[in-house]
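Annotated in TrEMBL:
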DOMAIN    A:109-310  domain 'ABC transmembrane type-1'
TRANSMEM  A:21-40  transmembrane segment
TRANSMEM  A:109-132  transmembrane segment
TRANSMEM  A:144-168  transmembrane segment
TRANSMEM  A:188-210  transmembrane segment
TRANSMEM  A:245-271  transmembrane segment
TRANSMEM  A:291-310  transmembrane segment
Amino acid sequence: MKRTLADRNRKRTFAGWIGKRALGGVLTVLLASILIYGALRLAPGDPVLAMTGGRRLTPDQVEALRHRYGLDQGFMQGYLAWIGDALRLDFGTSMNYQTSVTSLITNRLGVSGVLILYSAVLAIVFGFAVALASAVKGGLVNRVAGIVAAVTTATPTFVSAIGLLALFSVGLGWFPATGAGTGLADRLWHLTLPAVAMAIVAFGVLARVGNAAFAEELRREHVEVARSRGVSTAAVIRRHVVRNALAPILTIIGLLFASLFVGTAVVETAFGLDGVGSLLVSSVSRRDFPVVQGIALIAVLLFVVVNTLVDLAMPFIDPRVTVGGPGR
Amino acid sequence: MLAKKTLARKGTPDGRAEDRRDALGISGLSLAVGTGERAIPLLADVTVRVGRGETVGLVGESGSGKSLTARAALGMLPRGARATGGVTVADVDVLAAGRRQLRDLRRTRASMIFQDPRASINPVRRIGDYLTEGLRARGVPARAAAERARDLLDQVGIRDPKGAMRRFPHEFSGGMLQRVVIAGALSTEPELLLADEPTTALDVTTQAEVVGLLKDMQRVHGTGMLFVTHDLDLAAAICDRVYVMYAGRIVEEAASASLFAAPAHPYTRALLEASPSVHGEKAEIKAITGRPRALAESPSGCSFRDRCPLAGDECAGTVPAHRPHGTSLVACVRPEQVTP
Amino acid sequence: MTLTIPALRARSAKRRRRRPLIVSLAVAFLILVAAMGLLAPVLAPHSPDATSLLNSLLPPGAEGHWLGTDSTGRDVLSRIMYGARLSLLAPLGVVLLSGLLGTAIGLLAARAGGWADAVLSRGMDIVFAFPSMLLAMLVVAVFGPGLTAPICALAVSYTPFVGRVVRSVAIQEGTRPYMESYRVMGFGELWVTLRHLLPNVVPVLVAQSTLAFGYALVDLAALSYLGLGVRPPDADWGSMISQARSAILQGEPWSGLLPGLVVLLTVVSVNVLGEHIGGSIGRKQSEGA
């Protein structure tokens with residue numbers, strides 16, 4: 001009787017906690033969207049001239065543009081019109097391509113999406129393996145892994161991109177230097193070098209964070225207790241070490257998604273891929289504002305969603321995370 | 001393997017005399033880390049015996065090597081340590097055992113209870129998971145293991161065992177958790193229970209309950225127990241025999257009953273005088289001068305001589321051999337000066 | 001494991017306290033790179049902009065050009081030396097700005113407490129959620145290519161990285177009894193904060209700023225690589241790599257790989273140094289406690 005009441009209370013605080021977290025995420029996206037929209041207004045001089053980047057326009061065309069981007073209205077009105085459209089996935093029309101920003105982005109999601117997932121899988125699989133092996137084996141393996149992780153963490157993506165390009169595609173000819181390929185197998189083959197280049201930093205970070213987390217869990221007494229009960233080494237590592245280290249590792253994976261997204265800009269430029277990242281770079285240099293704003297908003301949204309999901313997963317991973325505690 | 005086990009079960013728990021096999025036999029165990037010049041000795045010539053169903057205390061200050069000794073019984077040596085001497089648990093030669101044999105030993109013959117129950121149980125796994133882990137590792141089906149775990153929870157006095165199985169460790173108090181740990185240790189029906197300061201991390205009031213429970217369970221299950229503690233009074237109260245350890249060596253072995261009346265080693269007497277005991281006539285507490293030593297940093301000859309009020313020149317030469325004095329076995333050259 | 005053996009611990013502690021060789025190497029390399037940038041006019045064997053089509057794409061070790069030449073025949077070594085100036089100065093600007101901002105915000109949040117702390121902390125959380133490179137690209141889109149705008153953007157972006165740590169150290173230090181006694185003696189809040197809290201914050205500030213320097217260097221070099229950073233004729237390491245793209249595809253990668261290697265080694269050195277500083281603070285604190 002008593003327990004059902006307690007359970008109900010727990011459920012209520014849990015719902016409230018989820019609401020709080022979600023609200024925090026929404027607030028972040030909201031403020032970021034104001035910043036992204038406001039950036040246009042920050043531009044020195046007439047924003048429309050900044051947007052058109054020196055292209056010659058008739059006064060009528062300028063006026064039409066001003067109206068289109070809500071620049072003839074107050075800030076709030078303009079913002080509300082823009083965000084209202086954005087919520088309906090309408091980010092306006094590209095100045096450069098003269099097509100809708102949404103279709104520009106969706107046409108390129110195939111390349112960038114595969115690239116991000118591919119590199120995330122590479123980074124997680126290898127980072128996890130190296131972290132676990134070095135923490136369990138210790139000694140020389142640990143030292144070598146530590147050096148590898150330190151170097152890969154510090155390798156800028158554009159350096160790994162040109163290094164891989166020079167060695168594996170120009171030098172050895174194993175992989176193509178440009179293009180995204182057609183069909184799944186061909187695409188994966190084309191995207192292998194770019195994905196590896198993007199994954200290198202994330203791999204290093206995961207290997208270091210994972211190693212620290214695994215090593216800490218290995219020192220815990222309950223691991224020794226499990227060993228003292230004759231639980232096999234594999235089961236001890238799976239049930240007590242990996243399971244317990246999951247929380248910090250998942251948190252870092254969530255944070256790494258931001259660096260992977262930025263990585264697509266560099267890697268797609270280096271390997272001549274037509275993806276969202278290279279679209280962002282070319283739009284920034286051409287000051288194609290609607291495209292930049294659209295991509296920036298989507299990126300922030302994705303990043304916040306991923307990290308909020310990670311946050312929400314925490315109580316299931318670690319029951320000690322108090323759901324009713326102060327939401328920070 | 002199986003046949004051996006059923007044979008072992010035939011001995012009556014309290015029939016110590018007719019059972020030739022001890023639950024634990026440690027003889028002349030020495031332990032060192034490193035090699036050659038840089039070797040650091042940890043234990044020297046440690047001999048400890050626990051008969052079937054017997055309770056034996058292992059008492060010493062921190063750093064004396066008592067926990068190392070208990071862990072050695074399960075083959076859990078520090079990384080890079082080399083051991084000489086003999087360690088047998090119910091006929092299994094622990095030091096010679098391979099990985100698989102050690103695992104079988106830990107799954108079926110011997111269990112260990114550690115100091116801090118909160119650190120002993122994985123905080124992200126459920127209580128039921130902890131209790132059944134040992135049984136599951138041995139190949140007991142999930143359902144049978146859960147049933148046995150519920151039964152044990154009931155035995156150690158946890159209310160609503162069924163609900164407790166689904167709870168997480170942080171939902172229990174320290175005393176309750178130590179009950180869970182005891183249930184977990186007994187789940188595999190071991191012949192030897194190694195209790196490493198099982199009450200140190202608990203409140204004074206829960207300590208007594210847990211000790212009582214431990215004794216009860218041990219009696220019911222007929223398990224031999226090595227009770228490791230720094231508390232001489234506690235050891236004497238619940239153990240049949242007590243070993244006193246100092247700086248990696250056993251300095252005295254005595255029946256609990258005679259220990260208070262007639263300590264044979266100056267260190268034992270110092271320990272008794274240092275504890276605020278209600279047994280002694282003198283209310284005065286005497287602290288032992290100096291700080292406890294590890295084996296690696298202890299002086300030549302008798303390890304205790306730099307803190308011993310009775311030490312003389314003859315203590316510096318060689319490590320004193322164990323010799324009988326009264327009802328004790330003592331490693332001191334002049335026990336008659338401690339208790340005539 | 002949980003069994004600690006004092007004799008063994010003492011031995012490993014001794015090994016840890018000595019400054020590791022790798023840290024000395026890192027410091028030496030950073031001094032070398034900084035000297036190359038400072039003394040570029042004296043040290044550089046060639047003008048960084050002197051082109052020579054006859055001598056284009058020479059490999060490293062060529063006569064007169066130790067590290068070879070790029071696709072227009074410019075000397076790679078000289079360009080790396082001159083490139084060090086912008087490549088190091090720009091992140092230095094980021095670190096100084098973010099250090100200033102972060103310290104101010106962190107101290108303010110810690111000392112003010114209450115709703116001011118809540119607002120500032122939440123604000124730092126939000127800035128932290130905005131990827132730094134994305135913010136930098138956004139301001140480049142607004143103000144056009146160049147380094148000034150991205151430096152400011154990155155400074156804002158790294159402020160939480162400094163501010164959060166400063167805040168937590170300041171809160172920790174603020175609870176010490178001596179802080180209260182100063183207040184009782186009638187010293188002003190500002191005086192106590194600057195005179196006694198600030199010095200305690202400096203070590204973590206240095207450690208965080210060192211790490212931030214490495215991140216900023218990578219971000220700014222990446223911007224230049226993407227053609228969004230320095231504008232010709234200025235050059236940094238990132239733009240050198242960018243200009244080597246066609247040469248790499250022709251199978252002459254050295255004019256791109258060498259500046260890439262310099263970036264890599266610089267960042268590794270900065271990280272090693274930053275972690276060493278951070279680690280020694282942690283050790284000092286745990287020993288002092």
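Placement of Cβ uses the backbone N, Cα and C atoms for every residue, glycine included.
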Please check if the transmembrane segment (A:109-132) comes into contact with the transmembrane segment (A:291-310), where contact means 3 or more CB pairs closer than 8 Å and the residues in each pair are separated by 6 or more positions.
no
For the transmembrane segment (A:188-210), sequence-distant contacts whose Cβ falls under 8 Å of one of its Cβ atoms, 6 or more beyond its ends:
111, 114-116, 118-120, 122-124, 126-128, 130-132, 134-135, 145-146, 148-157, 160-161, 164-165, 168-169, 175-176, 179-181, 245, 248-249, 252-253, 256, 259-260, 263-264, 266-268, 270-271, 273
Across A:144-168, A:245-271, A:291-310, the most C-beta pairs under 8 Å with the transmembrane segment (A:21-40) come from A:291-310
Give residue numbers and ranges for long-range contacts of the transmembrane segment (A:291-310): same chain, 6 or more residues beyond its ends, CB-CB under 8 A.
21-22, 24-25, 28-29, 32-33, 36-37, 39-40, 82, 86, 91-92, 94, 96-97, 101-102, 104-105, 250-251, 253-255, 257-258, 261, 276, 279-280, 283-284
